[in-house]
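Enquirer: Below, the features straight out of TrEMBL:
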REGION    1-25  region 'Disordered'
DOMAIN    6-103  domain 'Replication factor-A protein 1 N-terminal'
DOMAIN    190-273  domain 'OB'
DOMAIN    309-404  domain 'Replication protein A OB'
DOMAIN    467-613  domain 'Replication factor A C-terminal'
Amino acid sequence: MASAPTAGGISKVLSNPSPDSPSDVPDVVVQVIDLKATGNRYMFTASDGVMKLKAILPSNLTSDVISGNIQNLGLIRILDYSLNDIPNKSEKYLIVTKCEVVSPALEKEVKTEVKTEEAGTILKPKVELDDKSTFNNGSGIILKPKQELVAKSAAQIVHEQRMNMAPAARMSMTRRVQPLVYLNPYLGDWTIKVRVTDKGNLRTYKNAQGEGCVFNVVLTDEDGTQIQATMFNDAARKFYEKFSLGKVYYVSRGTLKVANKKFKTVQNDYEMTLNVNSQVDEVSNEAAFVPETKYNFVKIDMLGPHVNGRDLVDVIGVVQNVSSTMSIRRKINNETAPKRDVTIADETKKTVVISLWNDLATTVGQELLDIADQSPIIALKYLRVGDFQGVSLSTISRSSITINPDIKEAHDLRSWYDSEGKAVSMSSVSSGLSPSTKSGSRSMYSDRISLSHILENKSLGEEKPTFFSIRAYVSFIKPDQTMWYRACKTCNKKVTEAIGSGYWCDNCQKNDEECSLRYIMVVRVSDASGEAWVSTFNEEAERIMGCSADELDQLKSQIGEENSYQLKLKEATWVPHLFRVSVSQNEYNNEKRQRITVRSVAPVDFAAESRFLLEEIAKMKAS
């Protein structure tokens, strides 16, 4: 084991700035000097005892520094690296992409004295030279002229060979392909080999700088690492047709910057921008290049904190139920889209409903329906977490589903389900909305406000709905309001009485003999600060009323001295509830009004509520 830096190690690195393979990497041990954190990575000075070079450890080596494996004044052997120029400077940066620890921290910095020989010493070349190819400058040093003709001839030969190759092959030969995990803004000249795993639409925008267009792609390398690449204006128009979903490309001459967490859709600290000078070459015959899918699974009982968040989640679960396909009419463009609901469960003994949309509903959804009795395991990537019925999941255009994946998490889940999960009683994750914040349930205990906060801030929900939690009582329910509507039993859309008999559904385009009633009512809620009218829909209203709309309709139709309908409404008032509400702005008669909608309801868990209030009191005392 080396106990000192390699003599002349920095010179060896400088003479070979970009080794093509691990066998070309020189055996160099350097001392780590001035190790310090910069963002999510570490910088240091690499020293061989004589020369020094500024260096960077990428983020994947940060854990080695934190754990103490790599120490200041310690020795490391460089196993892989690249050398990059510092912008606007003549210096270079050493990017250490792989290394091994040789020694912990030494007592002090190693400094080697350089002994110089007398000026009259003659430096003998390795090969004897004739008089025509040597020159003596009079100082005793024999100089050999640069053999320009031979070098030029070799360059010409290599150039001709490269010109006969396809662009992608030339790039592969002349540039070293970097894994995505090693890319960073300091890496000057890089080439990546990636597959396009998601392609967005070419969109137009308008801002203070003018109008333009933009589109982005998600690029995935062989290790499964992903990065989002964005192109604007001329670059967007140039590469929109060039990039095809599923194809493999060599990409170079792009720029990287720290990803904006507000708009980040992939797990990468950086995002890429390609301009008109960027190089994109398709790689042919790369069917075998299949990126490994990397998951970051979230347990079902921990989905609460992600409700209505920007982050997309990955989940894995055992299929419990698969619905038939429904046609849903979108409010945006009035077009219909196929939808199918799949219910899954995991080891937390919780279930969640996932809405599959478009092709996923008709292809993978149908496959799941056919094998639902086998309780398959599915892994889903890139799902959006919504607050429909408390907590729900839905697919987007870039979501993916793998049935019975060959991964450790799937094998563990299958073992649990076969041994005990089948017999366990499962409950919906939405039914656990009233536990303490410790369970991660954001829907009821985060963003807690009073009603006065909503009523006094008339601008709430102007741009988009805002979400809050409140603790309040239902103080009044109008008995003469329209409390429900007739709904199709298949899609829950409104139906009308058909000519002759039955009920006609425009959405399903069919006539049914029966329909169901679904709540759509307004109630007044009150707390210590004020009161407000809120809109409630079927599932939330059922929790408030304690019965279905069909049951309440039967009570309303009864005639007697004591009206059971009025009594049921009275029983539902002055009961405390925890509400998760959204606040939006609606326009009525050219006047903007606040609309408060109940998104979920849960009974008050007084023990959990007491803990919450004690935490709030402690915060007040601390401030």
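Each Cβ is built from the backbone N, Cα and C atoms, and glycine gets one as well.
Unlike curated entries, TrEMBL annotations are predicted automatically.
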Enquirer: Looking at the domain 'Replication factor-A protein 1 N-terminal' (6-103) alone, can you tell me the average pLDDT?
Expert: 84
Enquirer: Over the span of the domain 'Replication protein A OB' (309-404), count residues by DSSP class, listing helix, strand and coil in order.
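Expert: Taking each residue of the domain 'Replication protein A OB' (309-404) in turn, the totals are 14 helix, 54 strand, 28 coil.
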Enquirer: Quick check on the domain 'Replication factor-A protein 1 N-terminal' (6-103): DSSP residue counts for helix, strand, coil, in that order please.
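Expert: Secondary-structure breakdown of the domain 'Replication factor-A protein 1 N-terminal' (6-103): 18 helix, 47 strand, 33 coil.
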